[in-house]
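Enquirer: Before anything else, here's the structure in question.
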Amino acid sequence: ALTLLTVSDSLITKESLSSLERQTTFNTMVKLALEMACELQK
């Protein structure tokens with residue numbers, strides 16, 4: 001089993017991503033996850 005997590009808001013430092021940053025980084029995470037899943041299927 002493999003888990004890939006992305007954090008957009010920190011409860012400790014109160015930092016958060018803008019909507020655009022969240023969209024961009026989540027898209028990157030999804031692409032990476034799909035690439036990894038394809039590699040694991042080989």
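From the backbone N, Cα and C atoms, a Cβ is placed for every residue, glycine too.
Pasting the relevant annotations from Swiss-Prot:
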type: ACT_SITE; residues: Asp9; note: active site, proton donor
type: BINDING; residues: Ser8, Asp9; note: purine D-ribonucleoside binding site
type: SITE; residues: Arg22; note: site 'Important for catalytic activity'
Enquirer: Whole-number answer please: how many Å between the C-alpha atoms of Arg22 (site 'Important for catalytic activity') and Ser8 (purine D-ribonucleoside binding site)?
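Expert: Checking the Cα atoms of Arg22 (site 'Important for catalytic activity') and Ser8 (purine D-ribonucleoside binding site) gives a distance of 6 Å.
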Enquirer: Could you check what DSSP calls Ser8 (purine D-ribonucleoside binding site) once collapsed to helix, strand or coil?
Expert: coil
